[in-house]
Every structure is written in structure tokens, then in C-alpha cells.
């Protein structure tokens, strides 16, 4: 700690003025990573806030760096090969024969450690990683390691390709049975739990003995933890009661349940778990108390939170930095900054040393409520005390400036981050890209994107959505299509991203780019994306809304050939459009197919048709009412202006 303090005291001595004004105009620009704020023991999290800026962002320039090995650092033997493989995967992954040939001719030797690095480099683009995984498995003299299998299971689970996960585990059993460990199944449990597939998660527990792994209290605890953290605490509690005879309860089991109940705001249930814990012979530790403390804080029951702090002291379990930070964070969320500072001072008086998370929480609170100067004071203070600010610390101030459209201050702050070695991640790049497009600086946004990739980061789904929306806002339709296709090719399109699909198709059709919109849809179909009825509905209704009724009907027939039945209002809309076109042939063909599908689903065609007409009328009514509401808002202005006008009428302005 003394060394850190000397380091940062030297940094401050070298500075001419305060942190905000320590930069020169010719310094290269870098950005910081947005991470989840350092997780408190009770899993609390600080939320960032969106903002805008109003100055040109210059593309980042890469600085030529000397070889790390020459400077005494560790030599990275994989870096060059990882980038080479990643570029090949991006270029040829949709053409399997060319991909295999390109990888073969690349000169890259598949070896232990390389495959895992490539999978990490591919990030959210799971299809790219899987392509290399399959190719690597065919190379002579190479066998996948445990870490590679585990990484691949995580990636496939994240993509919700659970069938492929089980197939991979079967492959492990056949070829590398010694690699099957309980940890592999824990990864799978967590993925099922995060997808809210509770039954499937529990089934993993039952399937483990078939693969030579007997679940124990630790594995069962991981399952309870996964379910509790992902909103399925009720099911976790029920499972805990059912399995008490099979798995002896541990303090971890109780802690997971207590955390889960606190997370969903069920404090009575959390207290009941605490009672059960004590009956089973376990006294609550600091983690248990912090979880309960967080439950009170999130629920806004600050009096109970302060009482619990006193109880902890009485029980001999002194509050730690996390305990105080939980309370401070809750007060910051309520804009009670003076009280938050009092708790901070109480923390110091208790001889409990604040950490980076505590300072970051306070800085976040002050910045959130527009008190940036106070945030800077705390930042200076923590540096003087020898604490190293992390990316989140700076990000809170950065976003506060962004919210005020103070781009110059943002750039200066990012330069300061670069000085102390904060490296940008996807979320930070995303912030800068979003701002660049919002200000109309398309070239700068694209430049940041290329810089992001040059720095070894693989763009995720959020990055693509920001880019596509940015291009659409600036009416760069060709570029929006290119990035959307790239996103699809990487296997990143799924139901949660249908919003960007809808925006893109509607923008293309509004601009009379019918062929371009068809090209986008064909790309989705060719890549084998799993499309549900909602995706088809977006496409069909977009075509219909822009007057392309025949094309809409054609795709409706194609959808039904794929076994998907159109939504009732979609059918009613198409029939209405065909009636105006006097096209009875297509109407009859669609109607006949719908009749058959209705029979298969044990519903009457008459009911289906009536429901469609009703839904169509209700949507039209909602549309008219929405226009009226918007018109009234434009007429009367915002709520604040309305209150001001009311006060004037009452004479309160005197």
C-alpha cells in the first residue's frame, strides 16, 4: 500500500493542476471499459446513465508499442496466431470448404492453449468459435483440453444451443471420459438457470450419474445458487425442501436462498430462511448479513438497514467495507448524498478502511445527480490515499460529462485514464460509437469500431445494434445492411434482437429499397437462423405497410410452408389488402392453408378470423388514441410546463 501511495503521490506531483486539466492536445485517445461496477458481496450493482455530447470525436490512433518481451514483460506466443485465425474465421466462416483451406494454408499450428484463446477472441460470435473448434478437433496430434471443452460449453450455452451442449458432453464421454467433471455440469446448470429453464437445470443433476459423476452438496449448492440468482428462488426453495434428505444442508444453501428472496424483495421469506439456518446450527456470517442488508437497502427500508448494522456489531460481526457500501449505494440512489457522506465518515470512525468500490459508489452518486465537482474531489482524494481508480470509477464521471454533452471534458478524462493504464472494453467503445453517431460523426464512429477490433476485442450484439441504429439514424442504409449481415453471419441474431430487424426493414422499405430489404431477409434465411412467427410477422407487416401486398402474401405462404401459422391480425390485414387488389386466387390459397393449420391446432377457422378482425380494430383504435395523446402533449408541453402554467393560473408565481 505504501508503494501505491508513493506512485500516485508522484503522479499528482507531476500534474500541473487538478485531474481535469492534466492533458495536452496531442495525446492519443483511448477509452475505458464499462464493467459491471465491482460486485459487492451482496451482488449490488451501480447503473450507468445514458448521455450525449456535441463535439467531433477523432478516430483513435494506434501507438506503436515495443515488444513486451524486450521490455521485460512476458512474451505472448499466441497473439499473432489468434488474430490470424480470427480474421480467417470472419472472412470464410459461412463457406466451410474455403474456411478449411484457408486455415490449412495459414501456417497456424493447433496446440494447447491456442484453441481456448481463439474461442475467447470470438466472444459472443459463438458460430465463429464453434467453426474453429470443429476444425481443430480434426487436426492430427491434437486433442481438446478440459479448458477448451469447458469454454465451448459456456459459449453454446450462452447461445442456448443446449442440444449441441449435450452432444459435446457425449463426445467427451466417448473420446475423453477423464475430462468429464462436476464443473462441466455446473456450467450447464448455470446456463439453463439463466435461461429460466428450471426443469432442465434440475435434470442435469439427475443426468450426472450416467456420466460417472455423483452430485454432492457442493454441486447441489451451485444449482440452488444459480436458480436463486436468476429469479427462480421459489423453485429453488421447493427443491431445497425436497432434497434435504439427499443433500445435507450447508450454510451456502441457506445463503443462496436468502440472497434469492432478498433479490425479489421477499424479506419475510428471507427472515424465515435466517430462522431455519439458526435451527440447523449455523450462525449468520458477514455474507449472510450483507445479503439481508442489501435486501433492506433495495427495498428502501433504511431504518431496518441501520438497525441491522447495529445488530451486527452486537453479535460480534463487525460491518465491513461491503456492508457500509451497500448502505451508501442505497442512499445515493435516493439522492441522499449528505446522509451517504455521513455513513462514509462513520465508516472511517469505525476504523473500517474504504475500498475502491466505496469511493466509486460515492463518485457515481454525486455524478448521477449532477455534482461532478464533488466526484472529482473524491477521485483526487482516493488517488492521494493510494487507491487505484478502476474503469468504473472513471466511467461514472465520463458518463456524467456525456450526459451534459461536455465532450471536451470526456476526452480529457479518457486521456487521464490512459495514463494510469485503464484499458477500454466493448462497453466503453459502444458508448463512444453511440455518441459519435448521435452527433452525426459517422466516420469517427466507424474509426472507433476498427480501433476496437484492432485492440483485440470481438464486437458483441450490443456493439452491432448500436452501429446499425447509428447508421439508420444517419440514413446510411447500405452500411446498416452490411453490419446487420455481419451480425447474422456471426450467429448473433436471436429473438431479443428482433427490434433491430424491424427497424432495419422498415427503414429500407420507407426508402423504397425493396430489393435491399429482400436481400437482408434472404441473408437471415440462408444462414439458418431460427425464426419464430414474430420475426416473420415483422417482415410481412413491414411489406404490407409499404404497399407491397403481393410480396407480403408470398412470404406468408412461405412462412406457413415452414409450419408457422400467421397471427390472426396478420391474416386479417392480408385479406383486407387482397380484397382491395381483387386478388381472389392468393386469398383463397392463404385461407385454405390457414383452415388446415387451424384444424391441426384444434381451433375453428371462424373463431380465428373473428379474433383477427377484432385485433385489427383494437390496434387501429390504439393508434388513433396514441396520436391524440401525442397531440395533447405537444399542445400542453411537458408535465413541468403544465405545473408551471397551473401555478400561474393559481397566482402562485407572485
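Positions of Cβ are set from backbone N, Cα and C atoms, glycine also.
Predicted automatically and left uncurated, TrEMBL annotations should be read as such.
Per TrEMBL, the features are as follows:
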| type | residues | note |
| --- | --- | --- |
| REPEAT | 181-215 | repeat 'PPR' |
| REPEAT | 216-246 | repeat 'PPR' |
| REPEAT | 250-284 | repeat 'PPR' |
| REPEAT | 285-319 | repeat 'PPR' |
| REPEAT | 320-354 | repeat 'PPR' |
| REPEAT | 355-389 | repeat 'PPR' |
| REPEAT | 390-424 | repeat 'PPR' |
| REPEAT | 425-459 | repeat 'PPR' |
| REPEAT | 460-494 | repeat 'PPR' |
| REPEAT | 532-566 | repeat 'PPR' |
| COMPBIAS | 616-625 | compositional bias 'Basic and acidic residues' |
| REGION | 616-654 | region 'Disordered' |
| COMPBIAS | 626-635 | compositional bias 'Basic residues' |
| COMPBIAS | 640-654 | compositional bias 'Basic and acidic residues' |
_Counting only residues 6 or more past its boundaries, what in the same chain has a CB within less than 8 Å of a CB in the repeat 'PPR' (532-566)?_
495, 498, 501-502, 505-506, 509-510, 512, 514, 517-518, 521, 524, 573-574, 577-578, 580-581, 583, 586, 589-590, 593-594, 597-598, 601
*asked:* When secondary structure is assigned with DSSP, how many helix, strand and coil residues does the repeat 'PPR' (390-424) contain?
replied: 26 helix, 1 strand, 8 coil
*Which bits of the chain, at least 6 residues beyond where the repeat 'PPR' (216-246) starts or stops, bring a Cβ under 8 A of a Cβ in it?*
43, 182, 185-186, 189-190, 192-194, 196, 198, 201-202, 204-205, 208, 252-253, 256-257, 259-261, 263-264, 266, 269
*How do the residues of the repeat 'PPR' (355-389) split into helix, strand and coil according to DSSP?*
26 helix, 0 strand, 9 coil
*Same chain, outside the repeat 'PPR' (320-354) by at least 6, Cβ under 8 Å from its Cβ: which residues?*
40-42, 44, 46, 286, 289-290, 293-294, 297-298, 300, 302, 305-306, 309, 312, 361-362, 364-366, 368-369, 371, 374
